[in-house]
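The next block holds one structure in the form of C-alpha cells; read it before the comments.
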Ligand SMILES: Cc1cc2nc3c(=O)[nH]c(=O)nc-3n(C[C@H](O)[C@H](O)[C@H](O)COP(=O)(O)O)c2cc1C
C-alpha cells in the first residue's frame, strides 16, 4: 500500500487525515470507536479561557446534504483542558499529534489560551479559530476583517513556539484577502474552511430547527465551496493548507489535495459513521493508486 505520511510545518503525521475541531471533542468518545493512533492528528474542540455551556438545545439539525450546528463553543475552559483533557490524550496516545484549537472574545484571550495550549507536550500545532465574535468590534467575527486577522495572527505567533495555523471562516466576500492577512501575520499555514452560516425552518412549527435560529452548515453541501476557496488561496499563497469541508470519503480528500490541500480534516462525516476518519485514511492510498497520483510529502 502507498505510504501517505506527511510533514506539515515540520511536524511528521502518519497520514494526512485529522479529526476536525468540535466533532471529536477531546478524543474520549471517539476512542471508544477506534484506536486514535489511526489519525494523522486530532484537533480538539475550540477552547476558551472560561468554561462555556453553549447554546440551548436543539443545537444540531440534519439538512438534505449536511448538518447545521449552533453548539455555541461549548467547552470546559482552558484549566480543565490543561489539567485533564490533554494529559488523558498524552497518557493514552503519546505519539498522537494534537492540534490545540483556540477561541476567544478578544485578542488577549486568544493569546492567553494559545500560550497555555502550546505549553502542553502533545500539542504539535495551534489552530486559531477566527470565526468567533469580536467583542471589540460589535460582535463581528474576527475572521471577516483582514486588519484584525493580521493582528490576531501576529500576536498569537509571537506568543507561542509552535506552528500556528489560522482557520478561516468562509462567511466573507474575499477569502484571498483574509488568507493573505493571516500569512502577513506569520501563520505557518491555513485551515480552510469553517462552517457557512445557514438556517432551516420546520414547517410543522414554523420555527427554525435550531433553538438558536441560525447555525453553521457543514458536510457534503459545503465541499464544492471549500474546494473553490482552497484553490483560490493556493493559487496566490505559498502556505500549507489543511482542507476541511464535506470530506466524506477518500475521493473527496484526494480532490481537496488536487485543489491545494496538504492535509484534510473530517468533521460531519463522523456523525454518519464514527469510523469515517479511519476509513478515509485507508481509502486515500487506493484512490491515489487508481489515478496514479501521489500525496505531497510536505
Ligand atoms: C457540531 C460541530 C461543532 C464544531 N465546532 C467547531 C469548533 O469548536 N471550532 C472550529 O474551529 N470548528 C468547529 N466546527 C467546524 C468543523 O471543524 C469544520 O470546519 C466544519 O464542520 C466543516 O467540515 P465538515 O464538513 O467535514 O464537517 C464544528 C462543526 C460541527 C459540525
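Backbone N, Cα and C atoms are what each Cβ position is placed from, and that goes for glycine too.
Database features, via TrEMBL:
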type     : residues                                 : note
DOMAIN   : 7-288                                    : domain 'Dihydroorotate dehydrogenase catalytic'
BINDING  : 21, 45, 46, 129, 167, 193, 219, 245, 246 : FMN binding site
BINDING  : 45, 69, 70, 71, 72, 73, 129, 194, 195    : substrate binding site
ACT_SITE : 132                                      : active site, nucleophile
What binding-site residues among 21, 70, 129 have a C-beta sitting less than 6 Å from any atom of ligand 1?
21, 129
If you count CB neighbours within 10 Å, which one among the binding-site residues 72, 219, 246 has the smallest count?
72
For residue 195 (substrate binding site) and residue 246 (FMN binding site), determine the Cα separation and express it in whole Å.
10
List only the single closest residue to residue 246 (FMN binding site), chosen from the recorded positions 72, 129, 132 by CA-CA distance.
129
Quick one: largest C-alpha distance among 21, 45, 46, 129, 167, 193, 219, 245, 246, binding FMN per the record, in angstrom?
19
The residue listed as 'active site, nucleophile' and residue 167 (FMN binding site), Cα-Cα, nearest whole angstrom:
11
When the Cα of residue 21 (FMN binding site) is compared with the Cα of each of the recorded positions 70, 129, 132, which one is closest?
129
List of residues, in chain order, with Cβ under 8 A from that of residue 45 (substrate binding site) and at least 6 apart:
21, 22, 24, 25, 26, 74, 75, 101
Do you know offhand how many angstrom separate residue 46 (FMN binding site) and residue 70 (substrate binding site) by C-alpha?
14
Do you know offhand how many angstrom separate residue 129 (substrate binding site) and residue 219 (FMN binding site) by C-alpha?
18
Does DSSP give residue 219 (FMN binding site) helix, strand or coil?
coil
Summarise the model's confidence over the domain 'Dihydroorotate dehydrogenase catalytic' (7-288) as a mean pLDDT value.
97
